[in-house]
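This report refers to the structure that appears directly beneath it.
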Amino acid sequence: MSGGLDVLQMKEEDVLKFLAAGTHLGGTNLDFQMDQYVYKRKSDGVYIINLKKTWEKLLLAARAIVAIENPADVCVISSRNTGQRAVLKFASATGATTFHGRFTPGTFTNQIQAAFREPRLLIVTDPRADHQPLTEASYVNIPTIALCNTDSPLRYVDIAIPCNNKGHHSVGLMWWMLAREVLRMRGTISREHPWEVMPDLYFYRDPEEIEKEEQAAAEKAVGKEEFQGEWSAPAAEFTQPEVADWSEGVAVPSVPIQQFPAGTPAPAPAVKTEDWSTQPATEDWSTAPTAQASDWGGATSDWS
């Protein structure tokens with residue numbers, strides 16, 4: 001459906017998004033009508049979807065959506081939890097009417113009930129799970145678009161977009177791609193610049209995981225406060241007693257203070273200096289008496 005135009009060709013960043021979300025991974029079963037969209041089969045039995053055909057059918061579905069004058073006449077449905085958030089985001093971006101959750105039987109056929117609708121186009125997430133709206137659409141001649149896996153039945157489906165409709169990342173990415181292409185064909189956003197809305201906003205989030213993340217964030221915040229409290233504790237205050245008279249309790253020697261008249265400098269204190277000249281003369285060591293040698297020979301003096 002790209003018509004050979006370069007502007008409509010699949011970009012490398014789009015292929016990387018498809019591969020990261022696992023859009024090319026089908027199921028282990030294959031419907032005979034989905035055989036034309038399968039590229040190969042892996043050794044573990046999982047079929048690989050041809051992403052080029054996925055992109056072509058995505059462009060065809062976007063053209064069908066843009067052809068509806070009133071965006072509210074486009075009805076998007078997802079009974080599975082993995083596609084409900086993506087459906088709501090798609091309806092918010094394109095102005096479509098959404099039915100998330102359980103589809104009430106007779107919405108398209110029973111004119112008596114208050115929830116009766118007459119859409120001009122129907123888009124479903126899973127033909128197997130959303131079989132009731134597909135069946136009712138066939139009764140009132142409403143064209144249908146569906147995200148189909150390798151084992152999805154194509155009965156009552158007019159435009160099948162081959163992709164992995166089981167994983168929440170793949171489903172969210174496909175709705176994001178479809179919304180972006182619709183806005184580009186309408187001229188709302190430019191093809192020259194990337195869309196500021198991230199695909200993460202279309203992904204389904206489990207409430208239990210959200211609760212666990214909030215609990216972990218709260219525990220982390222409490223731990224951080226305790227950690228800061230240990231290091232930012234106020235230092236102990238040391239108070240010094242006030243002393244009125246610093247000389248109180250200090251022993252002062254009773255020395256008479258000599259008074260000097262004003263203008264007279266006080267004399268320097270006397271320093272006791274010894275007179276080295278009055279010291280006795282050093283003894284003459286040469287005149288010192290020599291000790292008498294003791295008689296080592298005894299009484300005998302004649303050695304011969």
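Any Cβ shown, glycine's included, is placed from N, Cα and C.
Values in this document were obtained by computation on a predicted structure and should not be read as measured data.
The compositional bias 'Polar residues' feature in Swiss-Prot is assigned to 276-293.
The N-acetylserine annotation in Swiss-Prot covers Ser2.
Per Swiss-Prot, region 'Laminin-binding' is recorded for 161-180 (among others). Over the region 'Laminin-binding' (161-180) the predicted model carries a mean pLDDT of 92.
Residues or ranges marked as region 'Laminin-binding' by Swiss-Prot: 205-229 (among others).
Marked as region 'Laminin-binding' by Swiss-Prot: 242-304 (among others).
The region 'Disordered' feature in Swiss-Prot is assigned to 257-304.
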Within the region 'Laminin-binding' (161-180), residues counted as helix, strand or coil by DSSP:
13 helix, 2 strand, 5 coil
